[in-house]
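Feature annotations, reproduced from TrEMBL:
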- ASP159: active site, charge relay system (ACT_SITE)
- HIS218: active site, charge relay system (ACT_SITE)
- SER584: active site, charge relay system (ACT_SITE)
- 150-625: domain 'Peptidase S8/S53' (DOMAIN)
- 665-740: domain 'Secretion system C-terminal sorting' (DOMAIN)
- 1-21: signal peptide (SIGNAL)
Amino acid sequence: MKKLLLSLCLMATLGSFLLNAEEKMSPSTQNFLRSYESTSTISQRAKLKSTYAINQNNGEMAVSAFLHLVDENNLDGLEENQVIINAQYGTILSTNIPADNLISVSQLPSVKYIEIGRPVHQRMNNVRSEQFSNVNKIHEGTGFTQAYTGKDVIVGIIDGGFQYNHINFYDTEGKNLRIKRVWNQNQSGTPPTGYYYGTEYTNAEEIIAAKQDYAASHATHVTGIAAGAYKGNEYYGIAPDADLVLVSYNISDNSSSNTSITDGIKYIYDYAESVGKPCVINMSLGYHIGPHDGTSTFDRICDELQGEGRLLVGASGNEAEYNIHATKTLKKGDTNMKSLVEFVSNWYLYGSMTSTVDIWGDAEKQLSARVFVYDILNKKEVYSSESFSTAASASKKISNPTGADGNIYISTATNPYNKKGNITIDLNLSSFDNRNYYIGFEISGPEETTINAWTDAYMSWLSNFGNSEFTNGDNNSTMGEIGGTGKRIITVGAYTSCNYIDHKNSSMWNNSGQTLNQLVSFSSLGPTADGRMKPDITAPGSMLISSFNSSTSSNRNGEDYNYVVKQENVNTVNYYYGSMEGTSMATPVVTGVLATWLQANPKLTPEQVREILSNTATTDSYTGNITGVGNNRWGYGKINAYDGLVYCLNHSGIEQVGTPTRPIVYPNPATDICYFLLQNDDKNVNVSIYTLNGTEIYSRYMGNINAGEQNQLDLSDLAVGIYFIHITGDKTNMTTKLTVK
């Protein structure tokens with residue numbers, strides 16, 4: 001009896017510690033602790049990797065986490081608790097914490113809040129043509145005194161599946177490797193200075209000897225789109241003269257997380273600063289845990305890191321075909337929101353029904369939540385949990401609820417930065433007693449509170465199964481955290497530049513089923529939870545051809561074998577190219593374009609990039625008339641590398657590197673009048689304006705014009721719309737888009 005009483009006392013004490021600790025923990029951190037407590041074997045704890053960012057710290061299980069300090073200069077107690085600091089961003093630390101020490105760390109007076117990291121998922125032929133991104137003209141230097149190819153610019157890629165020694169990553173002559181640094185975050189060895197994990201390669205010999213990070217092609221493909229240089233075929237990239245810095249983020253085992261990505265961003269920017277070059281970083285990654293309003297720790301760190309000559313480009317996501325989002329604004333007499341979680345039909349292939357639902361309210365408004373098991377046939381609940389409030393942090397493990405086998409973890413908190421109530425529900429179920437049973441949740445709150453919920457998109461989505469009592473899922477606001485929600489990150493959606501390819505080894509996936517020039521069906525949509533437009537821009541993202549990793553392409557057992565389009569033999573070595581699609585592919589198109597703009601203006605800021613996009617993006621019958629305004633499908637429209645470069649070189653605040661020789665038309669969009677300037681004296685100048693179908697509706701002979709002379713055009717008789725303006729002379733011949741609004 002004494003032993004039993006002692007055990008009960010210890011359990012009560014532990015529960016009290018955990019309860020106090022939860023006040024400083026995000027809901028995801030609370031759920032991890034509940035999961036960690038309920039496992040004891042290595043195999044059981046290994047399964048937690050599917051949901052949480054778990055790794056090893058001196059042989060013990062540890063977690064990547066953002067650690068928020070009360071005072072950025074007070075690190076008291078961290079070293080004693082074996083907390084490893086990777087990077088510091090003011091009061092935020094990127095850390096690695098032993099799982100057994102999470103509670104004691106949370107109780108330190110110096111610690112304000114702990115956010116465990118979450119695993120992040122991965123999301124060229126005619127792409128460069130004038131019909132699509134309009135890159136070829138800047139490579140050729142058309143209208144300029146030089147070509148723009150990303151020379152003297154750093155392109156950083158954070159991804160997984162690199163073949164470092166692919167011919168596409170050498171210079172255009174195939175002699176010199178353009179990769180200047182590699183940080184493999186999951187390979188043991190000598191890490192970069194200031195970091196405790198991974199291994200760094202700092203010269204071409206080391207990088208070539210390493211060959212690859214692991215057997216996959218995603219990163220090899222992405223890097224080739226942004227900056228591939230091999231011109232033995234047509235599949236080279238947008239910025240072929242850029243230098244490359246690669247951070248290998250291990251997608252395959254979920255050991256990396258959003259904290260690893262911020263470390264990677266800082267690492268790349270620090271290298272660029274050390275060599276005095278501007279930098280643009282590509283993140284074809286994403287997940288859906290977070291407020292989706294730009295206030296996540298990740299987004300705030302990215303806001304701080306970006307600036308002059310420091311750009312960041314992210315994928316919007318590939319979830320527009322799934323109803324992973326649900327929202328409701330509560331009102332008088334209707335102050336709750338209920339929805340049901342629907343799992344993919346082949347969930348059994350993954351071993352269990354694993355999913356996360358992340359729910360957010362408004363600032364300064366408390367929410368309460370419960371979970372239940374619902375019978376959709378008989379329209380009744382067969383189980384309900386107690387209710388949990390965000391007013392006080394709390395967490396609960398629910399094992400084998402009536403009607404289901406497995407565990408449900410629910411945690412609540414108020415985020416200390418955006419002051420929003422946050423509820424996270426982690427599901428790990430093996431079966432339901434009845435095929436009509438589903439997990440549901442109910443959120444209650446005050447009137448005029450808007451609730452947003454997201455699932456993690458890979459195993460589940462939200463549904464009402466036709467029952468109006470529940471809120472149905474939708475595909476709005478499906479842009480992901482990590483690249484899709486940041487206030488300074490340039491977010492990219494995808495449209496179709498190719499929908500058919502003859503694959504070398506298989507015809508199974510030759511046709512994508514997408515419509516040429518149209519937004520691809522999977523490109524995630526905005527707006528953000530705070531109402532901002534996302535994506536910012538779109539680029540080709542369907543069936544793009546780029547470099548493949550040879551280890552997954554050279555034999556029929558390789559995962560990329562069926563998607564190979566071309567094999568190149570260079571100096572007796574085989575290299576492979578193949579097709580992929582996704583916003584992961586559209587994003588490096590924009591990354592490469594921004595590298596060429598940074599060549600023209602090494603101090604370009606994220607805000608200036610948005611200005612350029614809003615003024616130069618291509619709009620057409622597919623985008624609709626969104627010029628200068630944009631929408632939550634297309635952003636400002638389709639990327640136009642050439643017009644963007646012209647704008648970049650001819651507006652105030654831009655350091656000009658090379659002078660354009662083509663005429664300048666401004667303002668564009670215009671209302672009743674616009675102007676044009678010639679860069680050189682010319683004779684017999686004539687201006688014509690055409691409709692999109694080629695009908696001439698305006699023509700004016702201007703005669704002789706001096707360089708820099710402002711020439712006014714009267715547009716008052718033109719209807720609102722998009723036109724082509726054609727300027728000719730003895731030395732001039734230019735056509736460009738003109739928008740009248």
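Even glycines carry a Cβ here, placed using N, Cα and C.
Curation plays no part in TrEMBL annotations; they are all automatic predictions.
Averaged across the domain 'Peptidase S8/S53' (150-625), pLDDT for the predicted model comes to 92. Summarising the environment of ASP159 (active site, charge relay system), the number of other Cβ atoms within 10 Å of its Cβ, over all protein chains shown, is 26. For the domain 'Secretion system C-terminal sorting' (665-740), the DSSP counts in helix, strand and coil order read 0 helix, 47 strand, 29 coil. Under the DSSP three-state reduction, HIS218 (active site, charge relay system) is assigned to helix. Most Cβ neighbours within 10 Å, among the active-site residues HIS218, SER584: SER584 holds that distinction in the structure as shown. SER584 (active site, charge relay system) carries a helical DSSP state (H, G or I). Here the C-alpha separation of ASP159 (active site, charge relay system) and HIS218 (active site, charge relay system) works out to 7 Å. Between HIS218 (active site, charge relay system) and SER584 (active site, charge relay system), the C-alpha separation comes to 9 Å.
Mapped onto three states, the DSSP output places ASP159 (active site, charge relay system) in strand.
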